[in-house]
Amino acid sequence: MVKQVDFAEVKLSEKFLGAGSGGAVRKATFQNQEIAVKIFDFLEETIKKNAEREITHLSEIDHENVIRVIGRASNGKKDYLLMEYLEEGSLHNYLYGDDKWEYTVEQAVRWALQCAKALAYLHSLDRPIVHRDIKPQNMLLYNQHEDLKICDFGLATDMSNNKTDMQGTLRYMAPEAIKHLKYTAKCDVYSFGIMLWELMTRQLPYSHLENPNSQYAIMKAISSGEKLPMEAVRSDCPEGIKQLMECCMDINPEKRPSMKEIEKFLGEQYESGTDEDFIKPLDEDTVAVVTYHVDSSGSRIMRVDFWRHQLPSIRMTFPIVKREAERLGKTVVREMAKAAADGDREVRRAEKDTERETSRAAHNGERETRRAGQDVGRETVRAVKKIGKKLRF
């Protein structure tokens with residue numbers, strides 16, 4: 001249950017923070033603490049129901065990526081929902097505000113991962129909750145824009161209600177929601193996919209339409225299964241993330257992944273520094289294929305396969321130790337360059353030398369260096385380019 005507090009202890013300010021489903025949100029002070037307060041005006045029965053639903057759901061939720069409720073108050077005419085105050089604003093404001101801060105793919109994946117964790121949690125409750133309004137406006141940032149929390153549960157519902165009413169923000173709604181079919185967790189997955197596309201394009205969904213502000217045009221595009229333009233996605237977005245977007249936005253709900261699957265995939269992408277498999281032609285007869293894997297023990301490894309026309313292929317495998325990832329990348333460059341000079345014999349020797357270097361690295365501790373993990377990919381690309389100039393089999 002949400003704690004009932006005395007309204008006299010709540011000092012509302014004039015600062016307007018935004019408007020959620022069913023009420024305005026203002027800044028306030030409660031027990032010498034800055035908070036956000038959602039104000040519900042019960043002139044309409046629908047608003048009253050939304051308020052009770054939001055308060056009920058938030059009272060059952062305890063997750064680091066969901067806004068925390070402090071209590072509720074009433075003055076007889078209106079109800080007030082007291083929540084933690086996150087002063088850095090919404091993800092929408094970050095994307096489209098006046099400051100226009102730049103952000104990396106890694107940061108976008110971090111935001112998406114945190115949202116996925118929260119949704120996976122909501123969908124896995126004993127009474128699973130569907131948020132029904134996933135969008136950047138409902139993602140609040142904190143910790144110098146590094147982290148986010150989902151807010152505004154006014155439209156949320158537990159899946160046992162079998163809701164068929166059209167609720168949410170049109171640009172982010174699933175086709176089945178528009179067609180008044182049953183709301184399921186896969187509706188949140190679709191909205192998540194739309195938001196992920198938005199993170200990787202910094203464009204409003206359906207802004208490519210001839211009449212992008214027409215509700216009818218947007219509704220028609222969604223219900224017909226029209227895809228958002230993938231060519232608008234930033235060039236450094238990993239292919240795996242693009243494929244995830246398309247899976248989430250599949251017109252068939254059954255083909256969309258679960259939020260738990262999405263959380264797992266994004267977690268692997270983020271921990272690996274969004275390393276991408278790639279292919280590098282070295283000459284007319286030789287191609288280098290660099291791939292990243294997780295072995296049976298959960299450790300990350302990098303494989304470099306040299307495929308040669310009418311000759312046996314050669315494989316080099318490198319464990320990736322987090323703390324020493326940067327040094328490993330340099331070792332890969334050095335040892336592969338040696339291999340390029342002498343052929344197969346040196347390739348095998350290089351592999352042994354690199355394994356020795358990695359073994360030493362493993363003894364130096366497990367301190368996390370995410371940036372170093374990215375350097376492995378960059379150094380590997382450089383190594384392959386050097387081999388393109390020097391390799392002779």
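All positions are counted from 1 along the displayed chain.
Glycine is treated like the rest: Cβ placed from N, Cα and C.
Among the features that Swiss-Prot reports, active site, proton acceptor is placed at ASP133, with the record citing sequence analysis. Taken from Swiss-Prot, the feature ATP binding site covers LEU17, GLY18, ALA19, GLY20, SER21, GLY22, GLY23, ALA24, VAL25, LYS38, and the record attributes it to sequence analysis. Here Swiss-Prot flags 11-266 as domain 'Protein kinase', drawing on sequence analysis. According to Swiss-Prot, the region 'Disordered' annotation covers 339-379.
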Discussion item. What whole-number Å value do you get for the CA-CA distance of GLY23 (ATP binding site) and ASP133 (active site, proton acceptor)?
Written reply: 15
Discussion item. For each of ALA19, VAL25, count the other CB atoms within 10 A of its CB; which of these binding-site residues has the top count?
Written reply: VAL25
Response to the item:
Within 10 A of the CB of the residue listed as 'active site, proton acceptor', the number of other CB atoms across every chain shown is 23
Response to the item:
Other C-beta atoms within 10 angstroms of the C-beta of GLY23 (ATP binding site) total 23
Item to complete: Let me know the DSSP-derived helix, strand or coil state of the residue listed as 'active site, proton acceptor', please.
Response: coil
Practice prompt. Fill in the CA-CA distance, ALA19 (ATP binding site) to ASP133 (active site, proton acceptor), as an integer in Å.
Written response: 13
Item to complete: Report, in whole Å, the straight Cα-to-Cα distance of the residue listed as 'active site, proton acceptor' from LEU17 (ATP binding site).
Response: 18
Worksheet entry | Rounded inter-Cα distance in Å - the residue listed as 'active site, proton acceptor', VAL25 (ATP binding site) | 17
